[in-house]
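Peer 1: Pulled the feature table from TrEMBL, pasting it below:
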- 5-136: domain 'Methylamine utilisation protein MauE' (DOMAIN)
- 48-72: transmembrane segment (TRANSMEM)
- 79-96: transmembrane segment (TRANSMEM)
- 116-136: transmembrane segment (TRANSMEM)
- 143-165: transmembrane segment (TRANSMEM)
Amino acid sequence: MDPLLYTLLALCFGLLFAQALAHKLADFPRFTGVLRGYLRGLGIRSPWAVHTLASLVVLAETLALLCCLLPVGAVPRAVAVAAPLLAYALAMAANIRRGHRLLDCGCSWGAARQAISMGLVYRNVALAIAALTMLLPVTSRALVALDVLSILAATSVAALGYSVVNATLALNHSLAEE
């Protein structure tokens, strides 16, 4: 893998987890409420479990963010990013399978609520697969100024693309419900 692509992936995932953490920490009670909904859908009702898991999610996302920003190996970086994404996909899929489709996904970053859907499950699995590509060997070449500009431009395009995918999934899901 070219170091430009590797750096782009690490930066994009770092931004994703920074935004997710900011959202959770800005309104921790709302986040724990969303998490409570997921756990109730799985038959877990203990307030202790909700608060413990909420703290673990924040810890996992902090670890993912740090692994994206600091010089760590490819394995810890890829695993730290992919693991929470796969856990979220699994939690959504398990709740959907049990018929709990009206849960807030918790991924709208404080905007309008968005119900869980298989589209969000597939999105998270696709993101986890993208994260796992950081396990591929990186060719050794120095990044040059044009690479840095390319990374910044591609990060902007990726952020816009992520927002468009989320908006499309939210719209498709709301139309399917009507």
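Heads up, the Cβ atoms here are built off N, Cα and C, so glycines get one too.
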Peer 1: Can you break down the domain 'Methylamine utilisation protein MauE' (5-136) into helix, strand and coil residue counts using DSSP?
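Peer 2: Summed by class, the stretch gives 101 helix, 2 strand, 29 coil.
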Peer 1: As a test of reading the model: what is the averaged pLDDT for the domain 'Methylamine utilisation protein MauE' (5-136)?
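Peer 2: Reported value for the domain 'Methylamine utilisation protein MauE' (5-136) is a mean pLDDT of 90.
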